[in-house]
């Protein structure tokens, strides 16, 4: 039998002893697999043979694991349901479950998770746009945020209780002209969403899209959103004008 003592170089306090899976053996060499390592980390490894007399001499090695895009998640994005079994939705928002336990970091550390939203039927458009362009021009997928850390996955996670474990799509009326905006959704429209996990190399993996979810009829109309956008533009123009006057003065 062969064993290995393994620990991450940046965390030597956590040492693991693993039994090696032998996949090939001949007179001159033995080929084995060390399981449970994660991409992007450097490991210090000591390998040795064990028999009835005890452990033999150790072979020391230092290995840095390659980084790949995160594995595709098994779970599908889903909305939050109320006690009656109805989706928690308004005319401009949809409340969804955060991607807790969706993406594994086994292929390397995950830098960020983003939410990609689209009107049903427009999700296959390869050009990801901004919220205001998707709202006022042509429906296309858009990101609601710059990204948040991959939520931790505690053992036995199966229900969602706190505000940190839900995300309200369409909840922000203050970012209408920014590159990333979680702006209001259109009333009486069907939307779908998915999650994207990206590592520090820029490699990413998308989840599947959710089922179509229809917003309600009443609420913030397209005209109201146009008014909000106009006011925002006016305020920005005033700020720029004051800044220009101050600079010339």
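The first residue you see is number 1, and the count goes up from there.
The backbone N, Cα and C atoms fix where each Cβ goes, and this holds for glycine too.
Quick caveat, the model's predicted, so the values are computed rather than measured.
Among the features that TrEMBL reports, domain 'PTPRJ transmembrane' is placed at 103-194. Positions annotated as transmembrane segment by TrEMBL: 227-248.
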* Long-range neighbours of the transmembrane segment (227-248), counting only residues six or more past its ends (CB under 8 A) -> 132, 136, 173, 176-177
* To do: On the DSSP side of things, how many residues of the domain 'PTPRJ transmembrane' (103-194) fall into helix, strand and coil, could you say?
  => 9 helix, 23 strand, 60 coil
